[in-house]
Every structure is written in C-alpha cells, then in structure tokens.
C-alpha cells in the first residue's frame, strides 16, 4: 500500500510527487514512456531523430523505438503533439512560464471582465494563486530571458505597435516583454561562443543558445542533470523527487517506474462513496501487468490520456464532462520573410512575447528547417492560390491565408531559415463541450480502446474566433513593424500542443469533473494534477507555470485532507531545483 | 459493389494505376499466366508485389515533387521545375515509404478496408477514361491477383493504399491521367491538378467517403470522413517535414554521412551541429528580473 500513486511524469505529475515526497510520503510515480537518463547517449540534436512522431525519441510510444508509436484518432486535419517519457511534453517545450491572466479567476472585477470566458473561470481567486506561482517560480527557477537576434527583431516589431513594456510578473494590460522562462540564463561562455570546448560546464552555465529546445535540453555539456538550462521536469522536478531525502528534512525519495502504462484505476464503494484504491499498469517491454494500491491516486497523463484512462477504467461520468471542454489556444502562425538575419534557429525557442489580456497573446518562435517546413504546411485553408476550404482569410498579411506548397514553400525556405521570423498566435479560447476526448471506435491497442480527439475547429465560439482574428492581425502588424518584406498567415489546422481543461475543475458541478481542490467529484481520493485539471485556457499564457502552481496547491490539499498534514507554501521557503545537494546525489545515483 | 464487365475491371484497374504499372515495369505478368491450371495465384501475387511497390514509389515521387519540387522529372512533369535540389535529392519518397510501411501504427483492421475500398469502389463512378482501349487485356488475371492480395495479405503496405487513393482521385480530377509518362496517374498530373486531388481528399469528397464507408466495419464508418481530412493534411505536412530533415544521411549510430539537402537549402548549421551559438544580445532595456 503506497501513500500516493501518481500516473504520468509530465509537467504536472512530478510536481505532486516532489512536493509530497518532501513531506515524507511513500510515492510511486509511473510513466508510460521512456526514461532518458543518459541523454548524451540517447538523444541527438537532429530533428528527425528527435521529433519524428513515429520514430523519434520524442514521440508517443513505448521506450523501445523499434516498436510502433501509439496511434490516436484525430477525426480532422490536426496534429496532437503528445509525448511519452519522463518529462512529458516539457521535454520539447520552450520553458515559457508566464502567469495566467487575472481575468480568468473568479475574483476578477476589472473593466474588461466581460472579455473572458466567465462561464468557466477558476473556482478561486488570483490572490490565492499568487503564492503558488511564486513557489514554482522559485523552484524551477523562472528568470527573465536574455535576447538573441530574433528577440531584437521581434521587439522592433513590438515597439512599432505603441504598447508598453510589462515589467511585472502579473499581466494587467496589453504589453510586450521578454519571456519569463524556466531556463537558466547564459553564464560564463554560454551565448558567447560556438566553440564546443569552451561550452563545457562549468566554463559555460545555463543556456548556450544552441537552438535545440525542441530536441531536448542537455546543455551545457557535462553539467549535472539538474543544472541543464531548460527546466523541463526531467531536469527539475523529477531529480528533486528522486533525491527528496537530501534536500528536504523529512523527505523520502519517490520510486519512479518508466515504460509502465496504467490501464486501470481501481475504485470501490466505501460506505456509499466511490473511492479510488489503486492502479494496474502494464510493462511495455514484457507485457506483464502489475497492481498496487494507494491511499490516494493522482492522474497526470495529460489532456488526452486522462479521459481515456477514466473511460477504460469504467469510472462514473455523471454530468458527461469527462473529456469535454478541451482547450488548445486555437493556435495560428504567421511567418515574416526578412532580408536580414533573424537568428531564428538559434537560442531558446521563444524569449519574447506580447500579451493582450482578453484576447490572447503572441510569441516569437525560432525553428530548425524541418519544423519550419511543417509549420508552413499545417493549414485549414488549403493550398494558397489553389483552394481554400472556404477559408483563406484575407487580412493585413499578404494574399489569402493558407499553406505554402511547392514553389512557394521552396522560395520561403530558400530565403534562409535564419531570415524568417515566426509569430505564434495564442488565442484565449473558450471552453466548449464539443471539443473533447472520447473512446475511438477504431481498434484498441495493447492498453485498451484508444482516445479520439475531436475539435470542432470551424465552429468555435464567436469570442474565440474574434480573439484569433484580432491576434493574427496584431501579429501581421508586428511583422510589418520589423520590416518584413512579406508576411504569410498559415491559418493553422488545430496543432494541439498547449492543452488544457479536458478534466476541468470548476465552480459548478454541472460542467466540471473536479472540485476546487482538484479532487474528482465522482470518485474520492482521486485527484488530477496536470493541464487537464485547469478550469479554462488560462487566458492564453503558456500553461505550464499555472499547471505546476495548481499542482502544488493540489499537493497541499491531498496532504491536508488525507494525511492530516499542514500546508507549507505560506510558511516555508522553497528549495531551488538546481540545488547542489541534488546534483551530488544524482551523481551518486548514476543519473 | 460488383464488377460486372471486363471494361469495368479494366476501368477500375486503370484508375488505381495497376495496368499502367504492369506495362511500365516491362510486363511482369507472364503471357501464359492465365493458362496455368495449378494454383496460379500465389505466383501472380509474388509477381505483383514489386509492380505494386513500384507503383507506390512512382506515386510518392509525384507527391514529394508536388510539395518540394526540384530538378527531377516529376517536378518538370507537373510544370514546376526548379534548379536547386528538392525532395528527390532529399530522398523524401524513401522517407515516406519507410514511415508508411514500417512505422505508422495503423491497425490492419483499418488498412485493409482502405485498400479494399480503393480496389473495388470505382468501377461505376461514370467518368469516361480516354485511352482505355490501349491498355492490355490481362484484366481478369490482374484483377484476380489483386483480389487475392487483398484477401490473403494481412500486411498490405500502407504506401500502396495511399498511392491507390491518390491515383484514384487523380483519374477523377483528370481522366486523361490514366495514360502517359510514369506509372502513376497522380504523377502525371499538373501542379494545379495535384492540388485538386488534395482538395477532394481534404474536403472528404462524398464519393470517396461513400467508397470507404462501404468497406469499413462497424462501428468505424462514421470516422471515415475524419480520417480523410486527417490524411489529406498529414501527407503534405509529413512530406514537407521529411524533405528538410537529416533522415537520408544519418547512420544508425547517429553520424552524418553527408550534409542534409535541407540544411544547404536553408543555410541551417553552416558548420554542422554545435552545442551553442554566440547569439547573446543582452537583456531588453537592461532588465534582468521583474516583480509585482
């Protein structure tokens, strides 16, 4: 009997595991995918080796790359960018840690309150969340990002828009700023040389501006795992969870099992209350199944896998909201073609952003060439100049929106990957019941019926569409301000990569799966601690910080309710994840 | 759907490119095949496999040139020749075949009905095919062999199903594509006609949906149009992605044997992979931290 079993080691699960391990609980952390504990042997900087969704080391599949990836049904032109493995999608994320906008919390009374998804707000106030933001910001740690060339170019565009610079953590008005990133900023030789010999730790510390965020961060060379620049959870929270005995007074290291696919959550009736009792998982390599019981079960398998596991476990769904309300920031993408250097393939993926509370935001995104090509071809508006699927929006960009194919794609890329500037449009999108996960009618895989991810992307709410069009036009204006000689709007098909709220917490039991403590309304002792627990799309900011802050709060709730413990965030100081005691213990463990 | 006449058989085989493939690869079907009395089908199946593989490869050449044209004959045939290297030089067709046939985790229970639909769903669609009389007469044998392949082979390559779908729609877009250079009708299309093929697939053209629906098992039928919409986008996106990666020149032990085509085209990593860049430009307005 464990104290707590956590399902999934992505952005959220390791936070609960680490926090409760620090309290001395017996934690089992299960991850369906691989454990990359020797990244210099297991990873490369090559795009296909890393990111091919079928064969890459960053894919949704078992650890054995000779085995096929896990397929999911996407009944529309879309791409759901799931990753298995320790770190989950933080393995390839850009470490952007903006706070959720205050307007998505239930204590908001600003003049623009009507601009937000008020029907699906956080069931508590922003003020209550701030200490948890601060706790995670100190743990990760979060820092103001340095500029590279592409940020200098992006800021030139921002300056042309006449908006103020945000100099606070909290976003309160339309503004732009360097990202607050969970990335250790360049130190020593980092960012100042391309000479590999000079970029060895500790002569270089933090971000070396290598440009390979999406291929996994293992910089600087020879740094301890918890000193790698990007604070994906495989570099931050998981090392802390594994070493809780050396940095927390009463800490107990978690047990971590990878390549372990949870296929069943067990529950039983206890005095008329359905109560979670444990899980069964399947070893991907051997096919053997194993069951363990726990006092509390925490789901953190992601917005797509949590509903699947729920349905496959036969758990109740009384209000039919399991899997519903999936938000994705309804991304769009604009590409500015420059006649000067942008350094687009260098440095962190994104170090600059523009926020427009009530609408969403923009950020610059640097990419290597294959992802650049992918980004220019993922469209819901057909092929520019040939067909447009009834879309092909006109605007302040050049010509109709749509994908670039053939000669146009070649001309774009021949301009040079480092003479493009990409702007990601991040829409504050509404929670909508019909954007959802169900079980697919397609054949099951070895772990049971698979997930079907449905997005009614052409029937989003008027507010969502308004926000996306507004931000796309802002992006084009920004690119014009940088001096772009041409601007393309791709009108992305759903790229489901910022994922939120498919198992949402909420104020009303009619449209939420979780109560305000992230405990399931239908099954007691069952909590959710990843992006799927978010009540909404957090207004558009990248969701990782908000998820981790919420998961920290959830860990406190678990500890108080089921282990008679006291909360700690308001009374203690957090330990930073780069703490040298962690580095030493990782070395002793061969990690 | 049944195939009643020899013409219908020939129409359907021509549409999916099979007859052209047999001719184009030198008449792999032996003249006496129909005269054999002892279980001729396995031999025919074996003979057809390389024909079908060549057809798939030819079709995908037409696809990869569509997305990322270069100085190759497929790019020229579609009317968009380019001087600089393209998908052919990046070996994107091989990338696609390797992915489709070895790694796409697509259950046979879905791959089979797609292949069957492509093979059986087109005979009576009513589009006249100019030049049909120029095709050879071994239709009955080929038809039987294809049927045998579909019935007996649990692992019909996905590349063949995809190629069959592209060729089928190609002959709907331009019936004249049934004859010409290359093995694949799709590869014979102009750039604009190829775009129309993708328009029909991506918009889940009702004829296509009906054809697939007839083959799909319950309860998957309602997923057919969604599957088409996904495939229409994914083929273009994955070709674009593959054309720019290192796939063609990376060894199993992760060494580059040459500079990837896409790196040269885009000016990426001019001196090869690095562990960092000298791109640090300081902090915006000198600000290194912010507070509320």
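Just so you know, glycine gets a Cβ as well, placed from its N, Cα and C.
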TrEMBL tags one of A:117-141, A:142-166, A:167-191, A:192-216 as region 'Disordered' - which one?
A:167-191
So, by DSSP, how many helix, strand and coil residues make up the domain 'Glucose-methanol-choline oxidoreductase C-terminal' (A:433-551)?
34 helix, 25 strand, 60 coil
Going by DSSP, how much of the region 'Disordered' (A:167-191) is helix, how much is strand and how much is coil, in residues?
0 helix, 9 strand, 16 coil
Quick one: mean pLDDT on the domain 'Glucose-methanol-choline oxidoreductase C-terminal' (A:433-551)?
97
